[in-house]
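What TrEMBL says about this one:
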- H2: Ni(2+) binding site (BINDING)
- C72, C75, C88, C91: Zn(2+) binding site (BINDING)
Amino acid sequence: MHEFSLCQSVISIAEKTPRDSSKQIAKVIVKIGTIAGVDIESFEFWFPVAAKESILEQAKLEIIHEQAIAKCKTCEHEFELTKLYEQCPNCGSFEKDILKGKDMLVESIVFN
């Protein structure tokens, strides 16, 4: 049910978006990183349930998958992450900076 509350957060963001009252929201685009901890199938399932009787009830949900990328603090090698506690494939170090792919954000809201 964690994803249901994330859907509610997306709706809350959309409700706070300034818009012309004559325009409806046609689509909401959400970017989800591969290590953001979001079950995308569950999020897609709960979105129409959460959006019912809201300004997003008729809106299409589009999800952009963002691959997680890290940079090793030891050898500075950049690599793709599939899980958070992955070691550098170049030197084996676990110390890294995550450059992208750990967040979920509303990328854009498209109006009719």
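Cβ atoms here come from the backbone N, Cα and C positions, even for glycine.
Features as recorded by TrEMBL, highlighted on the structure.
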| residue | record | contacts (Cβ under 8 Å, 6+ apart) |
| --- | --- | --- |
| H2 | Ni(2+) binding site | D39, S42 |
| C72 | Zn(2+) binding site | E78, F79, C88, N90, C91, S93, E95, K96 |
| C75 | Zn(2+) binding site | C88, N90, C91, S93 |
At 10 angstroms around each C-beta, which of the binding-site residues C88, C91 has the fewest other C-beta atoms nearby?
C91
